[in-house]
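If you check TrEMBL, you get these features:
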- Asp59, Asp374, His375, His450: Zn(2+) binding site (BINDING)
- Asp59, His170, Thr172: Mg(2+) binding site (BINDING)
- Ser109: active site, phosphoserine intermediate (ACT_SITE)
Amino acid sequence: QKLVLLGAMQPGFSPPCPADREKDPEYWRGQAQETLRAALRLQHLNQNVAKNLILFLGDGMGVSTVTAARILKGQLQNHKGEESLLEMDKFPYVALAKTYNTNAQVPDSAGTATAYLCGVKANEGTVGVSAGVTRDRCNTTKGQEVTSILRWAKDGGKAVGIVTTTRVTHATPSAAYAHSANRDWYSDGEMPPDALEGGCKDIARQLVENIPDIEVILGGGRKYMFPKNASDVEYPHEDKHRGTRLDRRDLVQAWHDAKPPGKVAKYVWHRRDLLALNLSRVDFLLGESRHPRVPRPQPCALGDPWPVPGCWGSWSSQLPPGDAGTPKGCCYLQGCPTLGMLQALHEAVELDRAIGLAARLTSPQDTLSVVTADHSHVFTFGGYTPRGNPIFGLAPMQSDVDRKPFTSILYGNGPGYKIVAGERENVSAVDFAHANYQAQSAVPLRQETHGGEDVAVFARGPMAHLLHGVHEQNYIPHAMAYAACIGSNRAHCNAAGRPAAAASILLPFLALLFLLC
């Protein structure tokens, strides 16, 4: 089925009437009673040890984005949308996380990543270090490094993995393994002389050296792994994709050389090579594209193929029918408001597909799955739209100030601010259903900003009930570690009724999936 819900409400259009069952009060009463029965069953707490941990991180996925993505998912299935359920909606426990950084009311992705991965809050722009580190100050880093839940899991004998749809050296995933006074020090080519002279390491080098036995690393940003001006394997004639390393090192080769004798380590850079692997015979996997952030060329229905050769971001929707249950990993392209509201919501739906796949491949009896965001964005939708209104469509009214129509989705700030002939742009004169349309914003900025409100935390599996109420964001990895009997808080692990955690698992049962904004 194709997406047919992207457009303005035509004159005379009226949305479908509610189903007859919704007119019957007994429908709502029965639904509420079933929900009540399900809630009562939660009194029997799942206190098993979590053998597996999965953290799904939708970068910038605020509550308004979750709601809009839920509606989109339903409309892609030819429903009104509001009554639909995302996979994360089915998780029995929900909390709110406070996202501020130690020096910022509205946070950035580096400080928040340090919180939900390392368990401590930090300054904006810094990754894997305490708040004692000042951004850009290499000499404040020593002794302030903090370890992540990925390190705790590895020290606990578990296989670990990072799967991201941005560069693997980006702030969001890099807090899992790196310690840096600046999130932008991707390679030594991006570092200032004083940082290099001070002995600080770039993030790509730390990816290879800090935790050399990460079983799975998949993402983008391969140019930071190769010597400066080295031609890219996929785009040899494009200068912007050439290597950036001043030390002339080939970090992919260094990654391979660091593996123990007898272990099979595979490096891939294209989807075809990934799908050709027999993962039962692979001990370590590194896959890097140039950068998986690619905007959708056109709207497409859920599950439609989206061939972008060499782009890891298109990997999920390129899996052929029947491969959905093949545990070759899950990679889902992210969408940012600077690229358009359509991409942002489609990619939130893609993340939800990954959550559903993981749910089918695992059991809540031994797998703790957590879905959250690092921060929100200034994304909103409103305008008294009627039931079933296309999520990318117009509000049913015009402004009572400038007498112009407006889309339901709007932004508080960003590149969508447009003045035409001294007035707000008339959206009926543009193709607001286009994939690259940027929704109108109240304040002009080249790039839309993060939002400062709390984000949702959805949890399912052993000890998921520990994620409830309103928490500081840095609480998340501590609760997950407690459930899995990893990290420093393990006194409860051999208590009566709680079996000890498994010593080892297959790869990559600790999967960190990230969407970047």
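Including glycine, each Cβ sits where the backbone N, Cα and C put it.
When each of the recorded positions Ser109, Thr172 is scored by how many other Cβ atoms sit within 10 Å of its Cβ, Ser109 comes out lowest. Put simply, Ser109 is the one of the recorded positions Ser109, His170, Thr172 whose Cα lies nearest to the Cα of His375 (Zn(2+) binding site). For the pair His170 (Mg(2+) binding site) and Ser109 (active site, phosphoserine intermediate), the Cα-Cα distance reads 9 Å.
Ranked by how many other Cβ atoms sit within 10 Å of their Cβ, the binding-site residues Asp59, Asp374 place Asp59 at the bottom. Between the listed binding-site residues, namely His170, His375, His450, the fewest other CB atoms within 10 angstroms of a CB are found at His450. In this structure the alpha carbons, written CA, of His450 (Zn(2+) binding site) and Ser109 (active site, phosphoserine intermediate) are 9 Å apart.
You'll find the Cα of the residue listed as 'active site, phosphoserine intermediate' roughly 6 Å from the Cα of Asp374 (Zn(2+) binding site).
Thr172 (Mg(2+) binding site) sits 8 Å from Asp59 (Zn(2+) binding site), taking the C-alpha atoms as the reference points.
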